[in-house]
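Here is the structure we will look at, set down as C-alpha cells.
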Ligand SMILES: NC(=O)C1=CN([C@@H]2O[C@H](COP(=O)(O)OP(=O)(O)OC[C@H]3O[C@@H](n4cnc5c(N)ncnc54)[C@H](O)[C@@H]3O)[C@@H](O)[C@H]2O)C=CC1
Ligand SMILES: O=C(OP(=O)(O)O)[C@H](O)COP(=O)(O)O
C-alpha cells in the first residue's frame, strides 16, 4: 500500500485525504495541520493520524483535546509520497523538508511552475511525472482547460485557444474574501496567469486568457473559443467529449442553467460535500463556426484537482499508467455524472 502524507488539511487537503482513503492501493499515513479547528476535529473523527505542522504550536492541539501523533517531519519520513496542500507559497517553503527526508512531493496550483520538475494533468501529461521528485498539480482552472484541450489537440489539432475565465471570488468557507458587490478584471493585465500555466502542460500551445472575479463562491465559469486546425461539426465535438470521463456535458433536458443548479444536482446525486470533479460543459453551448469551437464550462474549484492529485501519486511512484490510474480513481470516487 502506498503510504500518503497530506500536509495542509484545508479545502484541497481534506478532499484529497478522503479520495486517497477510497483507493485500493493507498493509505492515508497521516495529515498535518497548523492549528486545531473543526477540520482537525473531523480528521481525528475519521481516524486520520494528526501531526503538528508547526512544532511550537503542538501544545494547542493537546489543549483542544486532540491527540498529536508527532511533528510533520515524522509524517514526511514515514510516507512514500507527500501531498502538500498548504496555502500558496508555503509549499515552496516546505520543499527542503521533503528533500531532507527523500520523500517525493506533490504541490498545488498556487505554487510557481519553476518550483517543480513538472506540472501535471492526468489526461494530458501523466507520464511526465514518472519518477519525478517534485510535481505540481495545476490549478482548478488550468485543470479544467487542459482536460478540454487534450482531446481536441489529439482529434483535430489546435491552432489557438482564447478563454475568458469568470472566477469565483472565494470558496464558500472563505469569509474574508471578496468582491462583495463588484465585477473585477482580475488580473487586469492580459494574459492572465492561466494561459502561461496551461503552457506548462502543453508547451507548444497558443493560448490567451482573460480573468475576472465576481461575487460568487460556487464555481468558476469559462467562456472558451478554440480555433481548430480543421472544420468540425459541433456534433462530432460532443461525441469526442462524451468519451472523456472527466468531462460532463450537461444535457438540455436537465434544465441546469448555472452553478447553483449544478451544485444542487451534485448534492442530490449524493456527492460528498456536493463536489463536482468533472468539467461541466453546457452541451447546447458546444458550437462551431468554421474552424472555431465555442463553449461554456463550469469548474468546481474546490474539487476538480482532487482526482488529479490521486493520479499524480501513482504517476510519481510509477505505480500505474495513465489509463489504469484514471480508471481506478474514477471508479473509487464515483466520477462520471
Ligand atoms: N481552493 C481552491 O479553489 C483551489 C486551491 N488550489 C491550491 O491548493 C492549495 C491549497 O489551497 P486551499 O486548500 O484552498 O487552501 P486552504 O487555506 O483551504 O487550506 C490550506 C491549509 O493549510 C494549512 N496551513 C497553513 N500553513 C501551513 C503549514 N506551514 N503547514 C501545513 N499546513 C499549513 C492551513 O491552516 C489550511 O488548513 C493552494 O496552492 C491553492 O492555490 C488549487 C485549486 C483550487
Ligand atoms: O487556483 C485557483 O484559481 P486560479 O487558477 O484562477 O488562480 C483556485 O481557484 C484558487 O484560487 P484563489 O487564489 O482565488 O483562491
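Cβ coordinates come from backbone N, Cα and C, glycine included.
Record features, source TrEMBL:
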type	residues	note
DOMAIN	2-140	domain 'Glyceraldehyde 3-phosphate dehydrogenase NAD(P) binding'
BINDING	11, 12, 110, 168, 301	NAD(+) binding site
BINDING	139, 140, 141, 194, 195	D-glyceraldehyde 3-phosphate binding site
ACT_SITE	140	active site, nucleophile
Practice task
Between residue 141 (D-glyceraldehyde 3-phosphate binding site) and residue 301 (NAD(+) binding site), find the distance joining the two CA atoms and give it rounded to the nearest Å.
Solution key: 7
Exercise for the section: Using the centroid of the Cβ atoms of 139, 140, 141, 194, 195 as reference, list every other same-chain residue with Cβ within 8 Å of it (recorded D-glyceraldehyde 3-phosphate site), in sequence order. Expected result: 109, 138, 142, 143, 144, 145, 165, 192, 193, 197, 198, 209
Fill in the blank from the handout: Candidates 12, 140 (binding-site residues); min other-Cβ count within 10 Å returns 140
Fill in the blank from the handout: Between the binding-site residues 11, 139, 141, the one whose Cβ has the fewest other Cβ atoms within 10 Å is 11
Exercise for the section: Quick one: give me the count of other CB atoms within 10 A of the CB of residue 301 (NAD(+) binding site). Expected result: 23
Completion exercise
Ranked by how many other Cβ atoms lie within 10 Å of their Cβ, the binding-site residues 110, 195 are led by 195
Exercise for the section: Please classify the secondary structure at residue 168 (NAD(+) binding site) using three-state DSSP. Expected result: strand
Problem - For residue 168 (NAD(+) binding site): intrachain residues, at least 6 apart, with Cβ closer than 8 Å - result: 213, 214, 216, 217, 218, 219, 220, 301
Practice task
Under 6 Å from ligand 2 by C-beta, which of these binding-site residues make it: 11, 12, 168, 301? Sequence order, please.
Solution key: 301
Fill in the blank from the handout: Near ligand 1 by the Cβ criterion (under 6 Å), the binding-site residues from 12, 110, 139, 140, 195, 301 are 12, 110, 139, 140, 301
Problem - Length of the line joining the Cα atoms of residue 195 (D-glyceraldehyde 3-phosphate binding site) and residue 12 (NAD(+) binding site), in Å - result: 22
Practice task
Compute the centroid of the Cβ atoms of 11, 12, 110, 168, 301, then list the same-chain residues not in that set whose Cβ lies within 8 Å of it, in sequence order, for the NAD(+) site.
Solution key: 139, 140, 171, 302, 305
Problem - Integer Å distance between the CA atoms belonging to residue 139 (D-glyceraldehyde 3-phosphate binding site) and residue 110 (NAD(+) binding site) - result: 7
Completion exercise
Cβ neighbour count (10 Å, all chains) around residue 194 (D-glyceraldehyde 3-phosphate binding site) is 25
Exercise for the section: Work out how many Å separate residue 139 (D-glyceraldehyde 3-phosphate binding site) and residue 11 (NAD(+) binding site) at their Cα atoms, rounded off. Expected result: 13
